[in-house]
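A short write-up of the structure that comes next.
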Amino acid sequence: MVRWLTAGESHGPALVATVEGLPAGIRMTSSDISAELARRRLGHGRGARMSFERDEVELLGGVRHGVTLGGPVSVVVRNTEWPKWERVMSPDPVDPAALAGLGRAAPLTRPRPGHADLAGMQKYGFDDARPVLERASARETAARVALGTAAKALLRQAYGIEVISHVVAIGAVEVPPGVPAPTSLAAVDADPVRCADQATSVRMVAEIDVAHADADTLGGIVEVLAYGCPPGLGSYVHGDRRIDARIAGELMGIQAIKGVEFGDGFTTARRRGSGAHDEIEPAGAGSRRVRRATDRAGGVEGGMTTGEPLRVRVAMKPISSLTRPLSTVDVSTGEAAVAINQRSDVCAVPAAGVVTEAMVALVLADAALEKFGGDSVEETRRNYEGYLKSLVIR
């Protein structure tokens, strides 16, 4: 079983992430993690923090000379701004006199609509939103991307599975039907909004610029694709073992994500059955190989991968920190007020794609090891190849 945890706050000294259950023999370095974290900082519409934020990565355990050892892999992502926040976010008690006059130490009592601020203050009994927003911040996703690097390496090296993402909508601008799905991350990452269609990308950039001029924010939709999945990852026997349920749960756990659909998703609900499913046809005369005429299901049927590309879309809401804040209540006085304005992005949809890749990869790695087992990459690859050879229908 692959398990993962993260710890740390947005302006704390570091984020810490641990993943357990990966086999020995995965080739991975701290440079690989740094490269994935750099991808997370990509995208037109990111805030000022991206211009100076640097993710200092250190592998603390589970890897030796660029190869995993089979034990828990632990990573720390240090906060290069920590000296500015050391007194405000100190884990140990601080003399109030040392905080006096420090602007960033002032209580945050005007919760933002759309953020975790108010519900978190109510749940944990805080009179200040700072403890809530520090952990609820999307900065935490840097730790998940770090762990996803290991999962993506396993999928690629043991099973030949590649996980990529691309942006299909920002605000009201969408990629038109019929545009082929990308197969290369390099081409997607070279685009300013990580869109595979150049004409749509230009319109997306313009949409972001208009929102920025209006002191507003934008959400959008990301599509995640996993190429090379074999049939049979996941199971139909219990709801919590269904691969789509597992993936959807992790994707919905990403900050600001409000919806998930597999394949044609909600569009399928408006079709008749005769036009909603993927017909099965022979892949070649005289063989027992099969293929699908379409991939409307997104590579999942009955909670299991079908062997077609896995395709899942994720809806991200507009960021709730606005430079022209919405109305709220100052909880220290009970009076009407405007929400706090924390430094943030106009649009973080391109970056969200990198986070969704990480979470899909972690779930697929868990499902693949559940199916094929193995304490090393070599062993699980042998088991996987044996499974493919044993398939009566392929």
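Just so you know, glycine gets a Cβ as well, placed from its N, Cα and C.
Remember, it's a predicted structure, so these values are computed and weren't measured experimentally.
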According to Swiss-Prot, which candidate in Arg87, Arg104, Arg110, Arg343 joins Arg135, Ala136, Ser137, Gln255, Ala256, Gly302, Lys317, Pro318, Ile319, Ser320, Ser321 at the FMN site: Arg343
Cβ atoms near Lys317 (FMN binding site) (within 10 Å, other residues, all chains): 15
Distance, Ser137 (FMN binding site) to Arg40 (NADP(+) binding site) (CA atoms, angstrom): 14
DSSP state at Arg40 (NADP(+) binding site), helix/strand/coil: helix
In the chain carrying Arg46 (NADP(+) binding site), residues 6 or more apart in sequence that have Cβ under 8 angstroms from it: Asp345, Val346, Cys347, Ala348, Ala351
